[in-house]
Structure formats: C-alpha cells, structure tokens
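J.: Here it is: the structure, laid out below.
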Amino acid sequence: MPQTKPDILSILRGEHVRFLRLQFTDILGLNKNVEVPASQFEKALDGEIMFDGSSIEGFTRIEESDMLLKPDYDTFVVFPDELEDPRRGRVARLICDVAKPDGTPFEGDPRGILKRQIERLQKLGFDNLYAGPEPEFFLFTRTPEGLPTTETHDAAGYFDLAPIDKGEEARRDMVNVLVAMGFEIEASHHEVAPGQHEIDFKYTDALKAADNITTFKFVVKRVALTHGLHATFMPKPIAGISGSGMHMHLSLFKKGENAFFDPKGQHQLSKTALHFIGGLLEHADGMVAITNPLVNSYKRLTPGYEAPTNIAWSASNRSAMIRVPARRGVGTRAELRMPDPSCNPYLALAVMIGAGLDGIEGRIEPPPPIQRNIYQMSVRDRRKHRVRELPGTLREALEALQKDRVVRNALGEHAYEHFLRAKRIEWDSYRIAVHQWELDQYLAEY
Ligand code: ADP
Ligand code: MG
Ligand code: MG
Ligand code: MG
Ligand code: MG
C-alpha cells in the first residue's frame, strides 16, 4: 500500500489513471463520491477538494455547506478493469475524511465518528477493535427495462453444489474483483434462501473493516449489474424466508495479543471480554436503531430464521444475539448477530465500541450465558434468565436510542440529531402508508 503522495502520483501516472474518486458516506451509509480528472490529482491528494455538504443526508446545515475531503492514503486502490471499463479511462479511489473549511474534522462524518471511538479504546491501552463481518445479500433478476425484481434464478440451498448458475457466476466474479482490490476472502457460499449469498472476508481493525464493508457493497452491486442481476442488502426482501444479516465478529487486542482470551477465565474468556459483552447486552436496545436502521430491518428480527429477537448471549446457540464461537487463543471473539447490511458500518462499529467500552469501564457483568434455543423458552423462563426482548419495530428502536446516553455520546450530537430526524420521517411515512397486507385482510371483510 502506498503511503506517500509521490508514491500515489507515480502509480496514477504509471497505470494511466484518468479519474480519481474521492469517497465518503452519508449518515445512512450510502456511498458518496466526488470524481476529479488528472489535472486535479495533486489538489485532491493535498485534501483541498471542496464539495457542497448541504446536499448530503445528515450533513445538512447551511452554515457548514462547504466541506473538504481529506484522503486517507492507506485506502488508495486502482479499480480493476472488471469494475470500471478501461476504455473510458482507468479509475482509482481514495476514502476520505470530511473536514470543515478550516480543516478541522466535521463532527457529523461517520468515518470520523468511528475514529473517535477507536481513539477512546486506544487511550485505555488497547491496540484496536478487530471486526470480521459476514454480509449476506440477495441476487435478483431485472426486468427487460432494468428494474429490480424479487425473482431469483436458482433453486439451490445452503452450500449446495448446484450446477453453476447466473448467481454463482456473478459471485465468483465479485470474489475475483475483491481479491484484486486487496481483500482476503475467507469464504463465499450460497445462503439458506434461494438467491441468497454470503461472502466473508478476513477480520481487520475497525476502521479498515468499515471501509471494506462500504467497498464490498459497491463491488457486489456493480458486478451484479454487469451480469444483468440486482444485488440487494435490504434485510428482508421476501416474507417467509431468511433475511440478510451482517453478523459482526469482534475482539479487542492489547500489545499484539487477543485481550478476550484468558485460559484461566470463566469460559476461557477474560474479564475484558465478559465486560465488553456485558456492555453490548446492556446497550443492545439503544444500539439497534443504528445496527438495524430500516423499517424493514425489524421484519428480519423475527423468531425462526437464526436472527435474534432477544438480548442474550450464548456459547453456541445461534438464536442468541451474541454467540461466542468455540475458538480460543488468537481467534477468541464475540459474534454480534443482530446487525444487518443496511447499516452504516462506521456508525455501527462506533456504537459497538461505545457500548463495549461502557461495559469495560463500568465493569458490567453479563448475565449467565443461555445454552438453550431461546425461541423455545417460555416467557417466564426468559424473565428468570434476565432475557429482554430486542425492540420490535424501528419506532421502538428509536425510543430506546433516545434513552441511551452511551450510544448517543458515541454518535455525537450532530449525527444523533440528524439520524433521529431522518428515521422519524421514514417511520411516519411507513405508518401512514396503506399496505397490501391491510387490503388483503380488511378490504373484503369490512
Ligand atoms: P460463522 O460460523 O458465524 O459463519 P465464520 O467462520 O463464517 O462465522 O466467520 C468468521 C469471521 O470471524 C470472519 O470474518 C473472520 O475473519 C472473523 N474472525 C476470526 N478471528 C477473529 C478475531 N479474533 N476477531 C474478530 N473477528 C475474527
Ligand atoms: Mg459465515
Ligand atoms: Mg461460517
Ligand atoms: Mg450467513
Ligand atoms: Mg455468523
């Protein structure tokens, strides 16, 4: 990876790059970019490219409309030719931090918000939070006009070795492009539902993991398009079959060693791990609006599809919100299972760190792990085991967010207020819509 401006300039020249894309995300996690031609490369690398922030969701404050893009040189990559047709000129990208005209970081920039949380944990002596995401998505066909459908091509199930179909072909190309862009792919497979896929990449530090997730979503959508397919990270596109999650494997490292592992600890977990898990459980309701931000997210969080509905942890059971996989040593980790891939990965990781650090600082002991299938526990049993329910709708999630100081502090006032405002509008527009379900139930009957 090039570290210096001269390195990057010489690659840009050597590879005949014609356009440089300066990327960042809005508060909803949508990829935004400003593309500059070769004449502007130096200026771009110096962080002097300005854009109008008032047109970006969550950045909207008139007095702050001019913003600067400060590139992170470590994120430099030339797009492989499968991604951008080289006949129109080669394209490279840099992921950027957003700054105000005076050069100071913009408080509402999701990447900056995550960086602030990482700094907090580094002040406590940790190297970093390591995160391994497992994003799932659907591949659907498009109409002849190019509009997305919810139809799939395949009839294959989990891990099936079906004869190669369009979806498999597309997924293989996605993996090739991701590898060419420096991803270390650990696994790629068909998921439970028809048309559903998962690609897992190797865990890395929180900032890079969030950058990777944004890049991943962009690549998956783009490659699907070249196959005439539509890739969607919508959490529950079809009722009655599995939705798409994005489990997040998390561990803290200190002085190069996994700080979650303690061979003598309870479950061979350190106090740090237990308290971190305690914090995640404590703030799960407050966090869920960020990790599961759509009206539709809560249609995935229903019993029976390996998506959690209760706030509990387990050493093995996949119905729990946090699972601690059996691996110990360097692979010791907690798997947070409620997030879905529609979240803004920067904000999601920021609130995970905020919640986990609150657990460490407040020495929050998690309740005992639940080893049974939680879907099958009675209400009384759940109460006895201190198992709370996750918010069941976006509205409940927003109410929980409002009450959670720790999560709000992790986001910062600017992002919190803008997020809440945007999501209230989304909820209201859903609430007043008349859905097909209501017509099916009531139109004839009443
Ligand atoms: P599952 O059994 O839930 O399908 P996988 O084995 O597919 O889990 O996913 C494992 C994920 O965990 C990968 O992204 C991997 O890189 C990540 N991982 C492995 N070790 C660690 C660690 N110490 N910290 C964080 N993530 C890790
Ligand atoms: Mg997996
Ligand atoms: Mg697996
Ligand atoms: Mg999966
Ligand atoms: Mg998993």
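Placed from the backbone N, Cα and C atoms, the Cβ positions cover glycine too.
TrEMBL feature annotations, pasted as is:
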| type | residues | note |
| --- | --- | --- |
| BINDING | GLU134, GLU136, GLU191, GLU198, HIS247, GLU335 | Mg(2+) binding site |
| BINDING | ARG300, GLU306, ARG318, ARG337 | L-glutamate binding site |
| DOMAIN | 15-103 | domain 'GS beta-grasp' |
| MOD_RES | TYR375 | O-AMP-tyrosine |
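Help me see these features in their spatial surroundings.
T.: Counting Cβ atoms from all protein chains shown, GLU134 (Mg(2+) binding site) has 20 others lying within 10 Å of its own Cβ. DSSP classifies GLU134 (Mg(2+) binding site) as strand under the three-state reduction.
In the shown protein chains, 23 other C-beta atoms lie within 10 A of the C-beta of ARG337 (L-glutamate binding site).
When other Cβ atoms within 10 Å of the Cβ of TYR375 (O-AMP-tyrosine) are tallied across all protein chains shown, the result is 15.
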J.: List the Cα distance (Å, whole number) between GLU335 (Mg(2+) binding site) and ARG318 (L-glutamate binding site).
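T.: Their Cα atoms are separated by 10 Å.
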J.: How many Å separate the Cα atoms of GLU134 (Mg(2+) binding site) and ARG337 (L-glutamate binding site)?
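T.: Their Cα atoms are separated by 10 Å.
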J.: Among GLU134, HIS247, GLU306, TYR375, the recorded positions in the record, which have a C-beta under 6 A from ligand 2?
T.: GLU134
J.: Other than ARG300, GLU306, ARG318, ARG337, which residues of the chain come within 8 Å of the L-glutamate site, judged by Cβ distance to the Cβ centroid of those residues?
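T.: Same chain, not in ARG300, GLU306, ARG318, ARG337, Cβ within 8 Å: GLY245, HIS247, TYR305, ALA307, PRO308, SER319, MET338.
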J.: Considering only the recorded positions GLU136, GLU191, TYR375, which possess a Cβ situated under 6 angstroms from at least one atom of ligand 5?
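T.: Cβ under 6 Å from ligand 5: none.
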